[in-house]
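> I'd like to ask you about the structure that follows.
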Amino acid sequence: MGVLNISDQPPLVQAIFNRNADEVKLFLHKKDEVNALDQERRTPLHAAAWLGDVHIMDLLISAGANVNAKDHVWLTPLHRAAASRNERAVGLLLRKGADVTARDKYWQTPLHIAAANRATRCVETLLPHVSSLNMADRTGRAPLHHAAQSGYQEMVKLLLNKGANLSASDKKDRQPIHWAAYLGHLEVVKLLVSQGSDKSCKDKRGYTPLHAAAASGHVDVVKYLLRNGAEIDEPNAFGNTALHVACYTGQEAVANELVNRGANVNQPNHRGYTPLHLAAVSTNGALCLELLVNNGADVNMQSKEGKSPLHMAAIHGRFTRSQILIQNGGEIDCVDRYGNTPLHVAAKYGHELLISTLMTNGADTARQGIHGMFPLHLAVLYGSSDCCRKLLSSGQLYSIVLSMSKEHVLSAGFDINTPDNFGRTCLHAAASGGNIECLNLLLSSGADMNKKDKFGRTPLHYAAANGRYQCVVVLVGAGAEVNERDRSGCTPLHYSAASTAFCRTDRPHASTHQNQEDGEKESFLCVEHLLDNGADPCLCNTKGYSAVHYAAAHGNKQNLELLLEMCFNTLGDKESNGSISPLHLAVESGHWECVTVLIESGVCVDVCDPVGRSVLYLASQRGHSRCVELLLSQSASCLLAEHRSKWGPLHVAAANGHSECLRMLLCSEGGADLVNVTDAEGQTPLMLAVLGGHTDCVHLLLERGACPDMKDRRGRTALHRGAVMGREDCLTALLSHNVSVLSRDFQGRSALHLAASCGHADILSNLLSAADHSQPQDPLTDRHGYTPAHWAAYHGHEDCLEVLLELKPCSIQEGNPFTPLHCALINGHSGSAELLLESSVCNSLVNIRDAKGRTPLHAAAVAEDVAGLQLVLRQGADIDAVDHSGRSALMVAADYGQSGAVALLLHRAKADLSLLDVNKNTALHLACSKAHEMCAMLILKEIHNPILINATNSMLQMPLHIAARNGLATVVQALLNRGATVLAVDEEGHTPALACASNKAVADCLALILSTMKPSSSTASSSSPSSPSLNLLKHCGITAACPPLPNGGLRHGYGKDRHGATIGLDGCLTE
């Protein structure tokens, strides 16, 4: 209970704490509030239960005290009594109806409280009333967990005897033995193990009881677990053994026990760290490190990042440990994966004493590490002047020269001006780091301040970019050129103007607001100092940007003001040279304060960039409403449009859904007159808002007078766009403003056509309802006679077809005779076809013909939609119906090479193979003419009439001629086996053999050669006029190619229908 002054409590509570039952009776007789609450919502009964005064408790309960009252942390009087270990109070409360399952805010029941507080008798009193001994609190711990944590052996024994689950796990999978081991309760651990607890059980992170005991340094528990068979080198989920854990936590006694028991001192974890690595880095791991080294630990073993124990010691400056490692063979110049030695690491983290030790032991100060940097680079970059001084005093290049011969006999160290991989010297690093003492040390040691990196930047560029004012002052004072340009043409002033964008962010202080303000102040001082020392604010880089541009782009208001003061009247010249203006750059990133500064300096607010985008356009596009407001207050024009698409500010605001910017534009002077302004394609802001689905912008434009029926250059309105994109909310807004639902585009399509084509059923339903109110007699056809039903069927949108069948059933039979059923089947949408055939308005369409005489069965044959073919055949389709070119569905399938359709029509429907088209082609002719070998073979297997084998078409060609010409060897063999004649000639006088020739001229030549090879005989001399040689001589002078198989236009009939204007429904609205 909270500590309160008893004298401040009500008289009843004071009487309870004085244990004066008579006074309690008196106050209760005076009707004092028995359930009064203190500031922590505790009742008098809570106080009595905590005291354990059963008589007073009984008086309070008899007077109406609530036995289950909860205080501010949900503790009941029963919780209080259990915590006080008063079994009589617990018993009384239970008899008076106290809830034994009541939970506090941590979900702990009175049993949890009693187990945690060693209240054995209270637990014995509670046990007959609880249904489960293993109920978990908020952390998942059962009463046995709390008992094990308390270390009270009798409580643990009681709960186990009553059936508590020995292996109960909390939310981190920790069992009671984990907690007992971690807290060093050896007797409890022994008891749990004797009862069968798993001494090697693991929690969610793989920690065993041995890990837990090792972490907290309980060597007696460690010894007991090891004696009872605990695996000494068992790793956890991170690969750490108990020895890793002991070394990391500095538990030398445990580490000693583990090593003596044979623990592997060189076992790496998942990151490659051994116990020695962790001992080297640990706060209290010095003794552990010495122990490991003395017991054979590998002092040069490297982690997966290449770090040795000496690297780890260097990170935290463990001076003594580094000496031990070096004395025991630790490699001084061992490099990690980044090329850094321990000296690099010590220099980075500023451990001057450790640097001395490493250098004394021969560390190479000239070894290049990450990005080719010396240790000195890192020392000055991270601002350690002591380390810098130490490295300079011992590491600079020096030579010993013989006095007589002038011969160099010894040289060591490094050249202070040696660049890293990016051309940066130590002076560049010092200028970037900002430590003025390091900078002065380098300059006094001969560092070249005019040295440039690979990007042409001097140390002054780096100091300016990082806002290092003192470094800038020193470098400028030392003679650094303030107008020196780098390879991109930028001077130090450019970088200083935008220094907050280039400052390093890996320092812990860089994120605080105070340091951000300090950085902005230093940046301003850098700009001021550079300007005072001759920096030219009008110099532009290779892209035409000056320091003013940089300050504006990065929102540095103070720098911008200072630079503008120094630019005088040159800013207007910069704006007019065709490059992007500072105002554009400020607006693009939404730096409204910089926009204000630029406007006050007199810049033109209607300046445009090279592609014609005005500043207002850019602000509207990005949605920077403060900038838009500022520009409009200066009368920025809303009429200026960019060059390519002619979009203006209203277009981009609407297209990007920036409703606040759009509202400002519409409310500006003259803005209301631009509500219907069009771009190069004739699009209005309303169309673009609908296209993007920006409902708030749509409502705003409509309220401001936008015309919903305006059309673009292709005749499409905002409604067309909403129908294509499925913008239901936008369409609702348009419909509420009486938009013309049936407005047609240049192809005669309305929004209904497009909604049906794109499958937006809900939108189609709404549009149909609106159209029915406005123009109920409209046939809903486009220029080619197609209705929304055609489009829905063509794309297989069954939900749209259902809407049309329900709301506009008559439209199914209207329009182009190439019906919706044809459209569904030709694209293989059998589900849509079935839906149409099942409807009452379409049940007579199964044999309907289009303008070319084609039935739905023809369409299904083209698509090889087996399901569609079966569907129309079940509905009574005429299998042998022919179109105007004389072709049946089988002939169409053979012509298109749809072998599945051919097989179905032949085997199941028994299609007539003797049918001829207008050019006397059979199905076999058509299959061979397109080289559809599989179809030809299927047809051949079903031909039982030999006449069909040698049937000729209008050009006297047999299937053998055509198959031979197309190189169908399998079909030719089958035809020959079926008795196809090899001497029959076509109208060109060619036999099937000559038909194999690539063209007519080749065939003629082949015939001449064959004729000369024949032996002379009376039979040959008296050959009939129709013999091949005579016919060939008749045409031997003709060299034109043999004409193709006549098809009366049918060959391309369906192709045109699928891709042309008659059948092939072209794509819907594309933007």
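Cβ from N, Cα, C; glycine included.
Take a look at what Swiss-Prot says about it:
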- 73-102: repeat 'ANK 3' (REPEAT)
- 106-135: repeat 'ANK 4' (REPEAT)
- 172-201: repeat 'ANK 6' (REPEAT)
- 271-301: repeat 'ANK 9' (REPEAT)
- 338-367: repeat 'ANK 11' (REPEAT)
- 422-451: repeat 'ANK 13' (REPEAT)
- 578-607: repeat 'ANK 17' (REPEAT)
- 681-710: repeat 'ANK 20' (REPEAT)
- 784-814: repeat 'ANK 23' (REPEAT)
- 852-881: repeat 'ANK 25' (REPEAT)
- 919-951: repeat 'ANK 27' (REPEAT)
- 955-984: repeat 'ANK 28' (REPEAT)
> What else in the chain is close to the repeat 'ANK 27' (919-951), if you only count residues 6 or more beyond its ends and a Cβ gap under 8 Å?
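Long-range Cβ neighbours of the repeat 'ANK 27' (919-951): 886-888, 890-891, 893-899, 902-903, 906-907, 911, 913, 957-960, 962-963, 966-968, 970-971, 974-975, 978-981, 984, 1044-1048, 1050.
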> If you average the pLDDT over the repeat 'ANK 25' (852-881), what number do you get?
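Within the repeat 'ANK 25' (852-881), the model's average pLDDT equals 92.
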> Restricting to the same chain and to residues at least six past its boundaries, which positions have a Cβ under 8 Å from a Cβ of the repeat 'ANK 20' (681-710)?
645, 650-651, 653-659, 662-663, 666, 672, 675, 716-719, 721-722, 725, 727, 729-731, 733-734, 737-740, 743, 1071
> With Cβ-Cβ distances below 8 Å as the criterion, list the same-chain residues six or more beyond the ends of the repeat 'ANK 4' (106-135) that contact it, or say none.
76, 78-79, 81-87, 90-91, 94, 100, 141-144, 146-147, 149-150, 152, 154-155, 158-159, 162-165, 168
